[in-house]
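Per TrEMBL, the features are as follows:
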- 1-19: signal peptide (SIGNAL)
- 1022-1265: domain 'G-protein coupled receptors family 3 profile' (DOMAIN)
- 1025-1047: transmembrane segment (TRANSMEM)
- 1059-1079: transmembrane segment (TRANSMEM)
- 1091-1110: transmembrane segment (TRANSMEM)
- 1131-1151: transmembrane segment (TRANSMEM)
- 1177-1198: transmembrane segment (TRANSMEM)
- 1210-1233: transmembrane segment (TRANSMEM)
- 1239-1258: transmembrane segment (TRANSMEM)
- 1285-1331: region 'Disordered' (REGION)
- 1299-1321: compositional bias 'Low complexity' (COMPBIAS)
Amino acid sequence: MILPYLVTFLLLLVPPVTSSTANISSLIEALGPNKLCSVYDPFKVLPENNKFQIGGSFPLHQDDCTTLRPDTVQEIVAIQWALTHWNQKDENGDCKLGLYAGDTCSRSAESLSQSLRFLDSVGYHEPKECRTETPGAKLLGLIAPKDYESSMSLGKFLSVSAIPVAAYSSESVNALTELDVENTIATSPTIGVYVEALIRLMNQMRSNLVTVVDDGSQNPVTKRVISYLRDADIFVSESIPIDHPFLAQALEDSDSSIVVSILNKKQLTKTVRHPSIYAMSKMWISIPTEGEALDESEQLELLHKKAKLEVVSLQPKYKELPQFRDYFIRVLRNNFKNYQLLTSYIEQVYNCTNEDCDLDKDVMMKSYVQARTAEASIRMTYAFAAVAQIIGANKQYEKTCSHASSECTELIMETLETMDYAFNKQDPPEFAGERLQFYRGTENILLASGMQVEAIEIYNQDEEPVTSRLLSFTTGSPPTVIMSSLRSADQRLRSICAPYRPFCGQCPNLQNVNADHHFLSIPRHYPLYLVGLFDLHSGQTCQSMAHTDISLPMAFVHTVWTFKQRFPQLGLLKDLDFGALLIDSCSSGKQAIESVVRSETQCFRFNQAGRNITIVPKSVFGYASALHGDSQESLKGYFSSGDTDAALVSVDSEHSALQRSFTALPSSRNQALALLKLLNRMQWQFVTAALSEQDPESLSLFRSFERLALDRGVCLAEVINIGGSSRLDNVRSTTNVTIIFATARNAADYLIASKTRGNHVNVMMGDAHDWYLHAPNDKEQFPGTVSVQPRNILYGDFREWLETTTPLTLPELWYWSYIESRYGCALSQKSKVIYGKMCTGDELLKIESLGKLKQNIAGYLSRGIERFLFAMDSVYKSLCPAQNGLCLEFYEQGRKQILTQLKKTSTEDDVEIYEFLPDINNQFTYHLIANWTLTTGLRMTNQYRNGNGKTTESKCQPPMCKCFLDGDFFQRPLDSFVFRPDEPEGSDQSSYIKRQPAFGSEKIEYQSVFEHITTGHWRDHPHNYVLLALISILVVVAVAVLVLVLVKLYLRVVKGNQSLGISLLIGIIILYSTAFFFVFDPTDSVCRLRVILHGLGYTICFGVMIAKATQLRNAETLGFGTSIHISFWNYWLLLFFIVGVQIALSISWFLEPFMSTIGVIDTNVQRMMCTMGKVEFVVSNFYVMILILMALFINMLNRNIKRNYKETKWLLYSTVGCFFTWVAWITLYLVLGHEFRDTVIVVELVACATILLGFLFGPKIYILLSYEPVVVAFKRDPFPNHTDLFEKDDDLPSQRAVSPASSTSSSSNRSSSGSSYTSSSKRPVNAVGPLPLQRNIEDQSPIFHTVMRKKTKVRRSNSEHDTIMNVGIPMTSVPIIRSPSARDEKVHRVAISPPLRD
C-alpha cells in the first residue's frame, strides 16, 4: 500500500555521489547545470479524494545537495506512515490529508522558496477575484524546517502572515519563539518545557540559585532561560560563556553550587570531561539546545572516573516505535533497488551498492537508529488530521476554510486548543490508548500534551559511573510530574541565594560607575566586601600620581590576603569569603563621601577583567580609609552622623569613638605627651615650633602639643609657619630647640634655610621624620636631630613583599598605573599611546623613596584592618555557630555588633624616640634612644648625644622671656585664633616663612575699669544701652525696697526676725548686678564673675524660698497638736547648707587658670572671649536647676495653705515663673549663635529677678505704703485664736510651741500688746488644771494697743489722741483679720507693734 505514495520518489533519484568526491561546483560542471535541480522537486502524498493539505520544506540533503540526511528520510516516511493509517480509515473519507515535502539542501534560502512553492500550490497567493467555487485541497498548516537557520528565514516571513505553522524539532521551535511567530504549534519539547522541569527539580532540592553557562554566542535562548528562572524566583548569580579563559575558576568562585548549562550534546561532553571542571564538587544540570538526549552508553562515558562533579541531564524521552521500524525496514528492503532515494539511503547508511547489497533484516534492525524527531512528526501529522476531521464534519467550518485566511487560521488554532483526540486501534499501535491535546505554554505557543522530559543524574560511586532518574515530566495542562527521592549528597548541594547579593532581586536599578576608580582585588562576586578609600590620584582631572603613597593600598590588599594564613591556628572566618574593593577618591572629600553613600544606598556596577561586578547596599561590612586632610574629616563627619552602622578604620591620629572611626595609630595627644616628657627630661622647656599649616597631620600634632604644653611646664616662644613657594636664605630660631611639625619636604627645606647653631636641636614630629630623603647632600650637617614617632609595627613579610613586587606578580590596574607613572613606560596597549614605550614587567618599587614613616603608617593601617577582621570573626562565630557560610543573623546584626566590638578595643600608645647619628659605616640613620607608653612613661634606652658633644639647654627665665599661654585649648582649638605676622602690610603673602608670636604671647585686655566701660566693644550693639538702663533702674528699685524694709525695721514698724526676707532681697540685687557683667566685654575677671555670680545669686534666692516654704509647711503640720518648738536657726542652717554647696562648686572657677582668651571675629579682628562653652555654662548651673525643681515641688505641696495672707500662693507663682524662664533661656542659649547668647542671659536674669521682686515683695510693700499704725483701746477676745504665724519679738516668751513663720517682708498682722507680759501670766494651751479667773486676766490685760488703718487722702495733722477720739468707741470692736475674707475691711489688726507713746 506504500507503493502508490512512493511513485514520486523517482523524481528525486540521482546517481549516488559521496560528499568527499566533489563539491557543488564540480558536480554541476560534471553533471550539467540541470542534473542537480531535480532534488528540489517536491515529494507529494496525494490520496484519492484529498480534501486537506499540509506541507513544508525538509532538509533531505546536506548543503551539497548530494549527501543524504537519513533522519530526514525517516521523518518523511513517518509522516507518510501516519497519513496512511489516517487515510485508510473508512470514517475519514471526507477528511483525507495530503503531504507536500520539498527538499531544501539544508539551505535557509531554499527553505523559504520551497515553503512558498507549497503555499502557491494550494492557492494561498491567489487573489480573491481569481478564486473558484470548488477549490482544491484546503491548507491546514505549514511545516517548519527542523534546522534553526531555515526556521529563522521562514519565521521572518511568517511574522507578517497568518498561517498555522507546526514545528516538530527543538531548533525550529526555538527559532520561531525567538521571532515571536504567532500561531505556532509545537510537538517537540521547547526550552520552556525544559525550564519548567528544571524549576520542579530546583524546588525539590530546595534551591534558588544557579550559575548559567552558555555557548557564548549571545543566543537569545539564554536570556529566555534566565527570564523564566527569575519569574520562578530562581536567581542567576552570573552567566559565563563556555569559552571563558578561566571558566573553572569562575565557576568555583560562584556562590551557586548548581550550574545550568545551555549547550548542545557535543559542547556538554567536551566541557564536563575537562579536568578543571569535573574536579568541582558541584551539580551540573544540562538543558539541550537542540533537543538531543544522551543514550545509555553516552551517559556512562560522560564523566571521568575521578570526577566529583554530578551531572543531571534534562533530555527528552523518545517513544520507541517498533511498528514504524519494521515498516521502514520493509520499505527499504523491498524498494531500494527501484528508487534512487532509497538506494542513496542504503549506500550511505549500510555502505553497500545496488549490485552486491544483500540486506538482512536482522542486521538492518540492529543497525537501525530511530530519528529523535520521528515521534514528534507523527504527533504533528495526527494533530492536523484531527483538525481536518473536525472541520470536514462541519459545513460552516469547511466553508470558512475553503480558502486560506486569518479566519480559518483562528479556527484551526481554536480547534487545536480544544481538541481531545483519542488514538484507537486503527492508529499506530504505539500510541494506542493515548490522547492528543494541546495547551498554551510559557512561550505563548500551542504545546502538544504527552511529551516527556527526564532528569537523569550521572555521578561516580567508587570510581564507577551510576545513573538514576530524578524526575519525569510529561507535558499537559496540568503536567504530570514524577519525582524520585534525593540522595543525601544531593541535599548537601543546596544552592541558596544569600541576602544582599546583586543577583538575588536586590537591584532593580543599577548605577554604572567609573571602572578606572574602582578596583576589586581578584575580581569576582563576593558575599561581603571591605572597601578601602585611597587618594590614588590627584589633580583636577584625577590623573596625577605624584603624591601617591602606594604602600597604603598595598598594605590593604596584603592584609586581606594574608589574614587567615597569618593566624592559621585560630580558624578565622571559616567558610567566609569577602572581597577587597579599592576606591580612588581622587583626593576629593566629596567623591569619598559619594562613594560611601552610594555603597550604602544604591546598587552600582563596574566592569573589571571582562566581568560585571555589582555591589549591593549593606553588602559592604566595613570601610578602611587612608585619606588625608579635609577628605578624612569629611568622611569622619559622615560616619559620626549615624547614617550608617558600618565601622570606619583609618590611620588618623585624632581619636573619637563617637565618630565611629577607629585607628590603631597612637593619638596625637599621646605623641605630644611623649614629646613633652622628652623636653622636660632634657630640660628643653623653651622651644620654637615650625609648622606646615597646609598639612593636616602636622597641624593636628601641633594642636595637641600646644594644648598640653603649658600645664607640663613647656613654653612655646614662637611659631614659624612654613609654606609658600619662595625661599628664604636665612631664618633663625630664638630658642635652642625647634620642634618641626611639617612634611618631610618642608622640614628639609627649613633645615637647609635655617642657620643652625652648634648647640641647637631639631625635633621632628610626624612626616618630618623622613626629611633626609629630600636633603641627601645636607643630612650630615644635622647630627643629633631627634624624631618622636609611633612604634614601628610593620610586618617583615610585608616589607619583603614591597621590595619584591613587580607588575607581573601584582596584576592590579591601580598598581600598574603607579608603576607607569614612576617609570614613564606602559604596561598596557592603552597606555602605550601616552608613554610611547612598554615596560619590561620587572620594575620594582623604590622602597627607600617611601620613607620609614609611610611604611610605619602602612603597618598601623594593617593593624587596624586586622582588628576589624578579628571583630568580624568574633561576631561571625557568635551569630553563625555552624560556621558553614553566612547566616541571615549575620547580615541583619553583623555590622552593628562589629561596631560594638571595635569600641571595646584598646588604642596603641607606644611611641619611640630616635636620634639621627652616623652608624659604624659612617652612614647617617636613626637610632632608638627612648620609648614611651602611658603605663610605663618615658624609658631611655640610650643616652642622647648631640653632634657637637655640647649639652643643650633651653629654658624660659623671666624677665628675659615671657610665655603667656593663656587659653583653654580644649574649648578653643588652634584654628580659633589669629596670628599676626611680623611682615609689614603689603609684604608678599606667599613668602616661604612667616614668623608669628606663639599663642597668647600678646593679650588683649583693658588697662582700667573705666577704659573697659568707655572703650569696650559692647558699645557696638545699640541694644546694650537699653539693657544697661533697664538693669540700672531695676537695681535702684531693689535697693530702695531693701532700704524701705530696713527703715521700717529701725522704726519698729516691722518687727521680728526679717533675715530671710532681707537675704532674698540681697539675692535679687545680686541677680540684677550679674546682668552688668554679661553686657560689658569679657575679661578674665569678668568671665569668672559671670559664672560665679550667676549661680550664687540664684542659689540664695531659691534657698530662701525653700527655707520659707519648709517653715510654712512645718507650721501647717504642727498646728495646735504639739508643743515642740522648732528653732528659727534650723531654717538658717538649711539656707547656709544650700548656699555653701554653691560656694564650694564656685571655688573651682576661682582656681581655673584661664577663663578668657583671644577669639577670632573675622580674619582681621580679634576679641577677648570667655573660654567656657555654651554646654559647659549650662552644666555649671545644674545645681540651680535642682533647687528650682525642689522649690517647685514643695510649693506645689503648700499651695492650699492659707497662712500669712496666702503667702504660699506668691511663692508658687514666682517659682513657676522662674521655671519657665529657665526653660526658655536654656533653649535659646543652646540654639542661638554666639553673638546673642550674652543678651539671652541678661534678659533671663532681669526677668527672673523681677518675677521674684514683684510676686514676693509687691504685696507687702503695698501694705507698708498703704497702711498706718493707730493706738486704740484694747478689747480682749473671749475666744482667742493662737494660729497667727507672725514673728514674735525674741525677748517675749511664746505662749505656745509653734514654728515661727516669718513673712517674707514681715509686714504681716500681729496682735501682741504694746506692753510686756510676764511669764507667770502665760498658760500653755495643754496645761492641766482650772483656768484662771477672768478677773485676773483682765487685770493683766493692756489698756491700749496698736492697730493698722488704711491711709486716707486727708493729710494727718492731728495727734494720736485726736485720732482715737475721731475713731470713737466702736474702733475697739473692729474684728481681727485672720482670713482673706476680712481683707475688705477698712481697719486691720496686723502684727506690727510700734512702741506706745506716753
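Sequential numbering from 1, following the chain as shown.
Positions of Cβ are set from backbone N, Cα and C atoms, glycine also.
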Field: Any contact, the transmembrane segment (1177-1198) to the transmembrane segment (1059-1079), with at least 3 Cβ pairs under 8 A
entry: no
Residue numbers, six or more beyond the limits of the transmembrane segment (1210-1233), whose CB comes under 8 Å of its CB atoms: 1102, 1105, 1108-1109, 1174-1175, 1177-1178, 1185, 1188-1189, 1191-1192, 1195-1196, 1198-1199, 1240-1241, 1243-1244, 1247-1248, 1251-1252, 1254-1256, 1259, 1304
Message: Looking only at the domain 'G-protein coupled receptors family 3 profile' (1022-1265), what is the model's average confidence as pLDDT?
response: 79
- prompt: So which residues does the transmembrane segment (1239-1258) touch in its own chain, when a touch means Cβ under 8 Å and the partner is 6 or more beyond its ends?
  reply: 1023, 1027, 1030-1031, 1034, 1037-1038, 1041, 1061, 1064-1065, 1067-1068, 1071-1072, 1074-1075, 1078-1079, 1090, 1094, 1097-1098, 1101, 1210-1211, 1213-1214, 1217-1218, 1221-1222, 1224-1225, 1228-1229, 1232, 1304-1305
Query: In the same chain, who gets a Cβ under 8 Å from the transmembrane segment (1059-1079) while lying at least 6 residues past its ends?
result: 1018, 1024, 1027-1028, 1031, 1034-1035, 1038-1039, 1041-1042, 1045-1046, 1086, 1089-1090, 1093-1094, 1096-1101, 1104-1105, 1107-1108, 1131-1132, 1135, 1238-1239, 1241-1242, 1245-1246, 1248-1249, 1252-1253, 1256-1257, 1302-1306
Contacting positions for the transmembrane segment (1025-1047) when only residues 6+ beyond its ends and CB under 8 Å are counted: 1054, 1058, 1061-1062, 1065-1066, 1068-1069, 1072-1073, 1075-1076, 1079, 1239, 1242-1243, 1246, 1249-1250, 1253, 1257, 1261, 1264, 1305-1306
